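K.L.:
Straight from TrEMBL, here's the annotation block:
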ACT_SITE  His158  active site, proton donor/acceptor
ACT_SITE  Lys162  active site, proton donor
BINDING   Gly9, Ala10, Leu11, Gly12, Arg13, Met14, Glu35, Gly100, Thr101, Thr102, Ser124, Pro125, Asn126, Met127  NAD(+) binding site
BINDING   His159, Gly168, Thr169  (S)-2,3,4,5-tetrahydrodipicolinate binding site
DOMAIN    4-127  domain 'Dihydrodipicolinate reductase N-terminal'
DOMAIN    130-263  domain 'Dihydrodipicolinate reductase C-terminal'
Amino acid sequence: MSTRIVVCGALGRMGRRIIELSLQDQEVRVVGGVEHPDCIPSIDLGEAIGQAELKGVPLTSRLEELLPSCDVVIEFSGNTTAAVGHTKLATLDGKAVVIGTTGFTSQELSEIEEASKTAPVLFSPNMSLGVNLLFKLVETAARVLKDKNFDVEVVEIHHRFKKDAPSGTAVKLAQILKESARLDEVIYGREGESPRKEGELGVFAVRGGDVVGDHTVYFLGFGERIELTHRASSRDTFAKGALEAAKWIKGKKPGMYTMFDVLNL
């Protein structure tokens, strides 16, 4: 039986692509889309995104109207307040949630974790196989180099329209580096005349053009440096990952999950 999904942020860049790619996957079926009231035309989801196969599929601003007909909610609204609300609604109804929205505060993450006690929730700042492998490679490199006098910097590049900075992926990389390399302080950009401090991690966000997403971690030693880079050339990598996550999480026990669980990393 196919996994029935509702996509929050259905008319956004990611939501739209998830829906389009779902039509090529016989194991999933989109049964509804959720958008902000200001974004919803008076038509169904199929007409809204130009897909005749989805004619008659509802598009609404009220997630609760769609929950009875779905197995999994995929959350890509891009608004953290809305994402938390959608997660609470879905889990209270016993529905699994896959969250790709980023930029949450610590309080919002705590609310999501609390919601996961009722139904399974998968949260990942990046759902591509390559980026999740990058997370593992960075963790390994950081553990090996932590006492070898290497400085560490993270640089990420995204299109001009991205709202949050640094990206959720960069924040995750910083978290991994702090834990694995025992770095004490994260610096977001630099200015002034002070030299680099020991145990410092620099994180830099670049915005411009139509860049889908580049992330590079620099391990800078004396006489050598290591660069670990992932470049996304298409949002399809993220959309396919979200669909795989939705199929995987259906039927799982309540709790918090990540793409590491899906990919068995």
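Glycine is no exception: its Cβ is also placed from the backbone N, Cα and C atoms.
Any TrEMBL annotation is an automated prediction that lacks curation.
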K.L.:
Helix, strand or coil by DSSP: which one applies to Gly168 ((S)-2,3,4,5-tetrahydrodipicolinate binding site)?
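P.N.:
Looking at the DSSP assignment, Gly168 ((S)-2,3,4,5-tetrahydrodipicolinate binding site) belongs to a helix.
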K.L.:
Take the domain 'Dihydrodipicolinate reductase N-terminal' (4-127) and count its residues per DSSP category (helix H/G/I, strand E/B, coil), listing them in that order.
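P.N.:
Taking each residue of the domain 'Dihydrodipicolinate reductase N-terminal' (4-127) in turn, the totals are 50 helix, 26 strand, 48 coil.
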K.L.:
Can you count helix, strand and coil residues in the domain 'Dihydrodipicolinate reductase C-terminal' (130-263) using DSSP?
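P.N.:
DSSP classes over the domain 'Dihydrodipicolinate reductase C-terminal' (130-263) add up to 49 helix, 39 strand, 46 coil.
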K.L.:
Rounded to the nearest angstrom, how far is the Cα of Thr169 ((S)-2,3,4,5-tetrahydrodipicolinate binding site) from the Cα of Gly9 (NAD(+) binding site)?
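P.N.:
So the alpha carbons of Gly9 (NAD(+) binding site) and Thr169 ((S)-2,3,4,5-tetrahydrodipicolinate binding site) sit roughly 19 Å from each other.
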K.L.:
If you measure from the Cα of Thr101 (NAD(+) binding site), which of the recorded positions His159, Lys162, Gly168, Thr169 is the nearest?
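P.N.:
So, spelling it out, the nearest of the recorded positions is Gly168.
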K.L.:
Looking at NAD(+) and its recorded binding residues Gly9, Ala10, Leu11, Gly12, Arg13, Met14, Glu35, Gly100, Thr101, Thr102, Ser124, Pro125, Asn126, Met127, figure out the farthest C-alpha pair and report it in angstrom, whole number.
P.N.:
21
K.L.:
Pick from Gly9, Gly168: which of these binding-site residues has the biggest number of other Cβ atoms within 10 Å of its Cβ?
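P.N.:
Compared across Gly9, Gly168, the most Cβ atoms within 10 Å surround Gly9.
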K.L.:
What same-chain residues, at least 6 away in sequence, bring their CB to under 8 Å of the CB of Lys162 (active site, proton donor)?
P.N.:
Arg207
